[in-house]
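If you check TrEMBL, you get these features:
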TRANSMEM  20-40  transmembrane segment
TRANSMEM  94-115  transmembrane segment
TRANSMEM  146-166  transmembrane segment
TRANSMEM  172-205  transmembrane segment
TRANSMEM  217-239  transmembrane segment
TRANSMEM  270-289  transmembrane segment
TRANSMEM  296-316  transmembrane segment
TRANSMEM  328-348  transmembrane segment
TRANSMEM  355-376  transmembrane segment
Amino acid sequence: MNEIVRPRQLLRRDRRTESLRRFGDAGVIAAVLTVFLVHFRPWQGGLLEDWGLALAWDQEGFGGFVSRLPMTLGRPLHLLPQYIGMAMSDGGFVGPYAVLGAVAVGQLLAARWAVAPLTSLRSLQWTLALAVALHPWWAAGDILRFLPAQVSVLACVVWFGASIRYLATGRWYWASVVVAVPLFGLLAYQAPAGALVMAAVLIALLRDTSIRRRITLVALTTAVVLAVVTWSVVLAPLYSSDSYEAQLESPSIALVASIRAILRTLALNAPTAVAALILVGAGVIALGFRQSLSAVHAWLLLFALAATPLAAFTYASQLAHLNDPERVALPVGFMIWVVACCALPALSRDRQVRLAGVVAALAGTALATVVGYGTWTTYAASQAVLVDSVQTVREAVPESARLVVSDPSGHFGDIYTLLPPHLNLALDAEYGPGADVELCTPAGVVRDHPTAAVYPIPTTPGCGALLDGIAVTSLGALKTSEGTFDVFELPAPE
């Protein structure tokens, strides 16, 4: 009888295993598609400098990448992903958004690979992978403007996986990846530089390996970061006075003011990064109290979490940048992710904390992704209304004309609502050459430009500065779903 039953039991077990495998494969496909589609949104067009690059492609093609190298010499790979995307779609937004989506999928798959040595549980692997690919702490990654930053984060994720493997094996193959990949990423965008050094120290302290390997990992990572910073801040400005970094050079770093700026930015303008920090901190504390994590490791992880704001110190020479939640939340969020990854072995041993952590992380990631997607969709829809409406007037006047668009709402002209001169650039990129258009805010109207206010930077000029004292021609009012705009034509220059 047993000889008959055992094969049946084995057959049922095999069927269950096959069903679970198929379910897992379907989940992986769903995760890949979700991550790609969250980032692939060419119908939204561009934001901020995306318009200028699209227009430059129409005029210069791929040669624009080379002609702009003097301006991006401190980050020579900064524009390369964008230009590769534009080459794919002949300057349209489909290609760059496809590259953005591919980079996000790369983050997903690379993160799953990176954390595999830390846990064999697929639920934990994919939760951490989805977190870094959907970056709930950094909604700015959802827009095309931050494509080079996404490339840099991808490089950092690969660095993390290579570092774990180097500490475990000591193979110089992994050491070469530790050097080469972040070098490529930081030459596209340097924001995670400080986070890389902090992460190297943390995992070197936590992993069970030799002193030589620990020191080598920290030394190699620090050397890469110092090399990139030296190139960007010291050498590139010497070769090109037009470089971005040359315009931002600062003789000193105000330590206390920088720390205050970072903490203020996180507290007031980066709530999802703070929420992620609290969630990971609560998990570490729970693991410590339940003795799933040793006291030494628990305190190390909590200290690392408390120090995560220092990851944004890459921008310490420019306080205005530390007021920017996008620049601050990226490195801080990546460092929070590293701490969460370091807790994976303990989470694998504690089922209760693991279940609570997975549910909270997935729910928080999903919610923040929806909010971020909605934020950028709203910006894109608003600017599309203004661009399309102004074009109906622009096409009726000569190319030599000069138009002024008065916005009584005070809404337009913020960073992501066509900060001047991006209305003019967007019109040229979307519809071709035509009359120059300038956006202004009437006297007495309060500018509703909260994003620009955090730096702060100037936005729209007052309409009086453009219209008063000269004979202008009113071209009527544009009534749109975003409000009513008055359009004026300036007299031809004498």
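Glycine residues also receive a Cβ, built from the backbone N, Cα and C atoms like all the rest.
Bear in mind that the values here come from a model prediction, so they are computed numbers and not experimental data.
Within its own chain, the transmembrane segment (172-205) is flanked in space by residues 74-78, 80-81, 148-149, 151-156, 158-160, 162-166, 213-218, 220-225, 227-229, 231-232, 300-301, 304, 307-308, 310-315, 327, 330-332, 334-335, 338-339, 342, which lie at least six positions past its ends and keep a Cβ under 8 Å from the stretch.
If you count C-beta pairs under 8 angstroms between the transmembrane segment (270-289) and each of 94-115, 296-316, 355-376, the highest count goes to 296-316. With a cut-off of 8 Å between Cβ atoms, the residues of this chain six or more beyond the transmembrane segment (328-348) that come close are 114-115, 118-121, 124, 128, 131-132, 135, 137-138, 140-141, 149, 153, 156, 160, 191-195, 198-199, 202-203, 206, 262, 265-266, 270, 272-273, 276-277, 280, 283-284, 287, 292-293, 297, 301, 304-305, 308-309, 311-312, 314-315, 322, 354, 357, 361. Counting only same-chain residues 6+ beyond the ends of the transmembrane segment (355-376), those with a CB under 8 A from a CB of the stretch are 38, 41, 44, 47, 123-124, 127-128, 130-131, 134, 136-137, 139, 142-143, 272, 275-276, 279, 283, 286, 340, 347, 416.
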